[in-house]
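Peer 1: Sending over a structure as structure tokens; questions will come in a sec.
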Amino acid sequence: MQKDSLPTLSPAVPPYVMLGLTVAYTIFYCLLFVFVYVQLWLVLRYRHKRFSYQTVFLFLCLLWAALRALLFSFYFKNCVTANTLGPFCFWLLYCFPVCLQFFTLSLMNLYFAQVIFKAKSKYSPELQKYRLPLYLLFLSISLLFLLVNLTCALLVKINRANTETVVLVRVTVNDSLFVLCAVSLSLCLYRIAKMSLANIYLEAKGTSVCQVTLIGVTVVLLYSSRACYNLVVLALTKIKSINSFDYDWYNVSDQADLKSTLGDAGYVVFGVILFVWELLPTSLVVYFFRVRKPTLDRSASVIPGHMFSSRAYFFDNPRRYDSDDDLAWSIIPQNIQASFTSDSYDWSCRNNSFTAYTEAEESHLAPEELNPY
């Protein structure tokens with residue numbers, strides 16, 4: 001009799017809600033994958049440079065969207081498989097996308113630092129010697145992030161005795177790097193907003209300082225807030241007030257390290273976290289580095305051997321910025337540009353006078369000499 005009086009257990013989230021969320025998440029990531037794939041195809045279509053900041057960004061975002069779409073596709077019928085993956089597959093689907101996001105953040109730092117260096121190199125050429133150390137710095141930071149993430153993920157799956165210690169090390173190292181890169185990106189954006197040459201540099205790409213600042217600040221806030229959340233919540237995991245809200249499964253928001261399976265409510269929150277802290281910033285990066293159709297500007301000033309255009313896009317022209325001197329040709333002071341324009345005018349006048357003289361001489365020739373065939 002007592003058995004019949006016990007309440008019936010029911011899932012925390014109805015099955016149709018779980019299915020609907022899975023379909024929605026998968027569609028979002030698939031749409032982003034298709035959009036990035038089209039952007040990479042347009043790079044070939046418009047004959048842009050195949051290896052540039054733009055193509056590297058897009059390729060990283062393409063790989064990230066593919067891995068996330070593959071992860072959520074497991075939750076249609078293979079929930080158990082998704083929660084009991086092997087060590088490498090677990091790292092590839094759950095952890096490696098976070099590494100890809102850190103790579104994009106590091107690459108954004110490198111890109112905007114290059115903007116500052118190139119703008120300053122017009123008057124301080126000695127700054128170019130810092131290019132190689134800058135590349136090596138961000139490469140070493142990215143490799144450190146990757147190695148720590150991979151090692152800790154494998155240790156969690158292989159040896160669960162020290163899971164909390166391993167996760168603490170991973171979160172401390174990786175999320176600290178996230179915060180440092182976010183601060184560095186903020187400083188770069190602040191310097192760009194204060195530099196007139198950098199403003200011209202960005203406007204030549206077809207964007208504005210306000211747009212760059214808005215996207216950059218949003219990405220910085222999203223990435224840094226996620227990293228700070230991981231650090232704070234992991235430091236407070238022993239406090240009962242947090243566990244009482246049943247949030248202990250994701251005390252690390254990028255990987256469910258401390259719980260082997262995700263419950264129904266945990267799955268919903270996991271998807272929301274990925275949407276806000278991953279899909280949104282990645283979509284902003286893809287939008288910023290989208291491929292534009294190259295346009296011809298008739299207002300460009302032409303001189304023998306060089307062409308200057310106020311709308312020459314930074315990424316879109318395949319023959320621009322192949323060397324360090326290209327920025328100096330695209331961003332020139334007013335007095336130098338005026339002298340180039342006057343020289344171009346004198347050269348064109350002499351060319352026109354020579355053409356007029358030639359036509360006058362030819363007018364004295366006989367008709368059969370003008371058309372010998």
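We number each residue from 1, going along the chain as drawn.
Quick reminder: no glycine exception, Cβ is built from N, Cα and C everywhere.
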Peer 1: Just checking the record here: does Swiss-Prot list LEU40 and LEU127 under the same topological domain, which would place them on the same side of the membrane?
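Peer 2: Swiss-Prot topology: LEU40, LEU127 on one side of the membrane.
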Peer 1: Against the transmembrane segment (269-289), which of these stretches has the most C-beta pairs under 8 Å: 56-76, 85-105, 136-156?
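Peer 2: Checked against 56-76, 85-105, 136-156; highest Cβ contact count belongs to 56-76.
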Peer 1: Report, as numbers and ranges, every residue of the chain located at least six residues beyond the transmembrane segment (214-234) whose Cβ falls under 8 Å of a Cβ in that stretch; write 'none' if there are none.
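Peer 2: Contacts with the transmembrane segment (214-234): 101, 105, 108, 112, 167-168, 171-172, 175-176, 178-179, 181-183, 185-186, 189, 242, 247, 251-254, 276-277, 280-281, 284-285, 287-288.
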Peer 1: Where DSSP helix means H, G or I and strand means E or B, what are the helix, strand and coil counts for the topological domain 'Lumenal' (157-176)?
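Peer 2: Counts, helix then strand then coil: 16 helix, 0 strand, 4 coil.
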Peer 1: Within the same chain, where does the topological domain 'Lumenal' (157-176) have neighbours whose Cβ lies under 8 angstroms from its own Cβ atoms, ignoring anything closer than 6 residues to its ends? I mean 6 or more beyond.
Peer 2: 86-87, 90-91, 98, 102, 144-145, 148-149, 226-228, 230-231, 234, 237, 252, 257-258
Peer 1: Looking only at residues six or more beyond either end of the topological domain 'Cytoplasmic' (106-135), which have a C-beta under 8 A from one in the stretch?
Peer 2: 53, 56-57, 60, 141-142, 181, 184-185, 188-189, 191-192, 195, 197-198, 201-202, 216, 219, 285, 324, 327-328, 331
